[in-house]
Amino acid sequence: KIVIADFHADWCGPCRVLGPILERVTGALTSGSGGTFDLVTVDTDEQVELAKKYGVRALPTVIAFKGGEPVKQFVGAIPEPKVAEFLKSVTTGE
């Protein structure tokens, strides 16, 4: 299982755009044959230490974890097709 962590804040406009995209794409890929994803959201205003631990400096930051280890990430609100590419690349290891 792959965990996708969406580091965000309530005041972050691009975060509000990216959140629903992540929900749609992880849901579609999980229900299809693209892999199994758990999407978790991390409010960086509440989880300051966690954000520091993973070097989150800009929002939104999305980090993919496999076996509890970060394996890939992106920063910023990217279009839905790019989110799908990112998630597929995490499952294939490319």
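The backbone N, Cα and C atoms fix where each Cβ goes, glycine too.
Listed in TrEMBL:
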ACT_SITE  Cys12  active site, nucleophile
ACT_SITE  Cys15  active site, nucleophile
DISULFID  Cys12-Cys15  disulfide bond
DOMAIN    1-92  domain 'Thioredoxin'
SITE      Asp6  site 'Deprotonates C-terminal active site Cys'
SITE      Gly13  site 'Contributes to redox potential value'
SITE      Pro14  site 'Contributes to redox potential value'
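In this structure, the recorded sites under consideration are Gly13, Pro14, and the one with the smallest number of other Cβ atoms within 10 Å of its Cβ is Gly13. Relative to Asp6 (site 'Deprotonates C-terminal active site Cys'), the recorded positions with Cα atoms inside 10 Å are Cys15, the candidates having been Cys12, Gly13, Cys15. Around the Cβ of Cys12 (active site, nucleophile), a 10 Å sphere holds 18 further Cβ atoms from the protein chains shown. Mean pLDDT for the domain 'Thioredoxin' (1-92) in the predicted structure: 94. Look at Asp6 (site 'Deprotonates C-terminal active site Cys'): DSSP puts it in a strand.
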